[in-house]
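As structure tokens, the structure follows; a few thoughts come after it.
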Amino acid sequence: MTLLKNPLLQRVLLLVIVYAAMAASVTNFGTTGNAYAILESSAMLGIVAAGLAVNMMAGELDLSVGSVAACAGLVAIMMSGHGLVIAIIAAVVPAVLYGILQGYAIARLQISSLVFTLGTFIGIRGLAYVISDERTLSLALSDLGISMALRERMLLIFSPFSLLMIGVLVLTGLLLRYSRPGREIFAIGGSRKESRAAGVPQTRPLVLSFATSAGLAALAGALASLKGGSATPGSYETVLLAAVTAALIGGVSLYGGRGSMLGVLIGVLTLQVLLSGLQLLGAPNWAANLATGLILLAFLGVDLVNGQSPVADAVRRYSLRARA
Amino acid sequence: MAKADMMNMTGQGPGDVVLEMKGISKSFGAVKALRGVDFELRKGEVMALLGENGAGKSTLVKVLAGLHTPDSGETRIDGKPFSLGSARLSHAASIAVAEQELSVIGALSAAENIFLGGVPFRGPWTRKRLAKKARPYLEAVGLHHLDPSTRVETLAVAERQLIEIARLLATDARILILDEPTAALNDSDIERVKAMVVRLARAGHSIIYVTHRLGEVFEIADRITTLRSGQSSPPVNVSDMTLEKVIEKMIGRPLEEMFPHRASSLGAIALEMQGVTTPALPLPQNLQVRKGEILGIAGQIGSGSEALLRAIAGADIVEGGSIEVHGRAFPRAHSLPEAMKRGVAYCSSDRKLDGIFAELPVSTNIISPSMQRVSPGGLVNRRRIRALTAEVSSQMAIDGSRAEYKVGALSGGNQQKVALGKWLGIAPRVLLVSEPTRGVDVGARAEIYGHLRRLAEEGMAIIFASSDIDEVQGLADRVVTMYRGRQVRVVDPTRVTSHELVRDITHPEEEAA
Amino acid sequence: MSDSAMQISQIHPPRSRRLLKLILLAAAVVALVALGGWFNPAFLTPENGLAILRAAAMSGIVAMGATFITISGRFFSLALGQTAMFAGVFMAVLMAQGLPFGLAVAVMLLAVVAIGAVQGAIISMGANPIITTLGAGALLAGLAGLTTGGRNIAIESAVVEWIGNGRILGVPTQTWAFLVSVAVAWWVINKTRFGRETILIGANRATAGASGLNVSRITILVFIIASLAAAMMGVFEAAQFSKARVAGFGAVDFDVIAAVLIGGTAIQGGKGSPFRAALGAVFIATLQNYMLLLAWSSGVRTLITGAFIVLIVAGFHIAGRRKGA
């Protein structure tokens, strides 16, 4: 029973339960075909969530990930004529540079990332409209092969895209756990003041976390757009909400210093299983919104009741009086 | 054993000057923390840095660590000019600090904390490799049994303090600064730290040792530099000093003049506490205070002295027992606003945290617990605000012309007067204060003691908790000593020696066992 | 026993200095307008001026409510756009069911108050306000879709038509509503106990609690106020075309936050004035209007708005630090 106290295991259990529930109530849910679809739809979100989670672990929040993904998707489509690799590099490299700049500005100005990334969120979205001239861009017929290649079904349920997602999560997880920069990110995340007093460099891990959130968002956006064959400047507006929800489900703390990539993977899968189930049940678009919002609030609530919050205090006072 | 004896054993003594500071000044707004301080340190010596609360010790330490840039003055290391100004520069100059405010990172393990302070650790940060390299440092501070992979947030304050020192050791810096390294430690840990400091000095490290425990100074220090109100006096050899001389240097006047007279007559019982337990105080607590009385609760950090006050104040949940103020009982598991309604005011030990609104003006701070009083019918009444501000300011001798100053810009003493004075607005029957003169300079301390005595004479019952034995003995009419959540005994401070009180709160025999 | 020395400027800015800063801000807006008019006369026509005010009015009304959230130290809410949408939609649905305007609005407001209170309650328990409101916003969008089946709802009512397009003394109703809400917000923050307590909990939540203030109650009220402001805007928005839309409120949150930030209200709370947010809203509306006149594409306009936010916020931040630290 003590095994169940492990938060990570709790989340795996939740995923299993949710999957089982869906498989029982929705026809064709438990097939390998559907598993492939779920993994496919998780890929983009998973990569973005990985980057955003790194940022959250550093105690920050990069609101601009959706806008960056949109720009990256557009750039990738525009450069698709030069092949998959060039397209991706062209999309990701500027994003990483942007992330470095953003992180540096936030670190040096010592400004709240919420406020700063609010500005870049809006600005980069504008940029997306500018570079695409407000049109939808599509892959040239001659390049459709790229799209097909990304979708190729491998090992029954995977595709290059979803395998890449898993690869990104594993690599990021390893770097976070076993390298100095990774540990620095955790340090400044959970205890910013103490880490400064302890002599932990402040700028380097911040810059790294923002470069990661932007870079991975760009990678995800580029690949997703190439796979889908087109990109629009208004896309990926909901990815921020979904990524944060997935990270929270996975145990990444908003207060920094806590979480793991494995948790992110579980969070993403849990969310996608739920949304996939809803879709198969024929629920309309807004239902996904409703569901995601409810899940997010539910996990916030669970976190609160468990912790040192005022509500736990109030509950105890009440129960002590009731006993009198 | 005395430092002199230890030194005689090796025949080695301190060498050349490694650090020299001249004319260092640093101000924060109105607060002149350092005024032309001179400081020097020799190789292989332990220099004790002494001074009262607010004398400037921590500021000097932070300046050396690179966290503050001095406004003026020059520094030399090994004879070469050195500009203080960033943590990185100080780090490069091989200066390392173990701060008074612990800077260990909770989410990380003990081993990770040791190596994150800039100490090189090559290769992957795996649990095994970290643990292996961390163990010698943990052992040096006495944490042999601690698993280096333990998350620091699960450890007690004492263990965290030791890890902070272990991190310092790992830097292998030439100049080590320890700011109150033994504040949270029990006696056996303290012995170990002292022995470690002497060992380090013998090995050639130069150590600046900041402490309040004068006994430690005589045991391990070579020389003493004393700060008083931001100014330094030239260093003296420990062998030339006595305890009384040291104290006099620190406070600049005989101890007796600091405190006002005691209560001449006491009134009816103002507060009665029976069998009270809280999560922080599992043992039942009884207490009684009379009108006009100042009760002092002496105890180290974590002894339960502050927890006792928090229980009465409603800041912690009271699980069992009863509390009565002026004969009226508190409801079960009462809250802080409920305690306030019944005339209990609580002033915590950390005003920066929850005692003042640093960015807001004095007047706003003063009226903050009395919002109901100054806004009848929900509308703010400027006249009432001005009246209350003037009344409290005059009572606490706060300069009226400073009513619009941001509280954070005031000196420590004035800030504390605001933190205390604001409670006068609710006309409390019982005033609870934890560490009443923390971060307050000498002159203001005496003033605050005077205010507290006057308030008591006007009928208030005052309970204060303090880890400063001199303060407790000087100010209180009655003293309760506490140790590890247990009240040791209740004594008349005039009939007991300070040594006895120190023994009560530190229990050396029990620690040694 | 540490030195509690702090690096901040000494005197809390006296009334005269705060007023001066406000005047400077207003002057900046006027200068912008003058400059714009110099380059493009069409900018200075009264119709254009009213158009700017009307555009500013919509986000300005919400900004008045959002200012309370920021001053109380809870950063901002990302649910206000969806609250506005939900308000318009719910009212329209109720009216389509046959309820008279007054009753429909009353029921809708009850729902809005409840949803705002829930957000405030969760946040007062310690939840991150951004994430909570992000989730609440999604929830509200979902509810709006649920009640309408995803379709826009037409409203047939003379009252609503007037609300959306009427004029009093030649000035559109929304502008009046904006001006009134600025005055009300200012009065509440400065003259009521609730307003002063909001500032206190923003300045230092721990001290406020230790001083006996009911932090939870004030937090909940603050979110209710913001939700009500958003609802008012939603009603105006739907009234303008007599149609409640189930989409298109995405930019509201960010226009509102931009107004609050560009106006100079500190993000960490404890100080600020609704006037500043109002001026911020006007500034942004002016900027966007001018860019429209220059026929710049929406992409460029968005880009520039974003850039402005970053620059001005960074500028305020640096100025604030240099003065104090």
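Heads up, the Cβ atoms here are built off N, Cα and C, so glycines get one too.
Annotated transmembrane segment per TrEMBL: A:12-29, A:35-54, A:61-78, A:84-101, A:113-131, A:154-176, A:206-226, A:238-255, A:262-280, A:286-307, in sequence order.
When Cβ distances are compared across the two stretches, the transmembrane segment (A:154-176) makes contact with the transmembrane segment (A:262-280), since 3 or more pairs at least 6 residues apart fall below 8 angstroms. Packing against the transmembrane segment (A:12-29) from elsewhere in the chain are residues 4, 249, 266, 269-270, 273-274, 276-277, 280-281: each is 6 or more residues past its ends and has a CB under 8 Å from a CB in it. Most Cβ pairs under 8 Å to the transmembrane segment (A:206-226), among the stretches A:35-54, A:61-78, A:262-280, belong to A:61-78. Same-chain neighbours of the transmembrane segment (A:238-255): 7-8, 11, 14, 44-46, 48-49, 52-53, 56-57, 59, 61, 63, 65-66, 69, 190, 217, 262-268, 270-271, 289, 292, 295-296, 299-300, 303, counting only residues six or more beyond its ends whose CB sits under 8 Å from a CB of the stretch.
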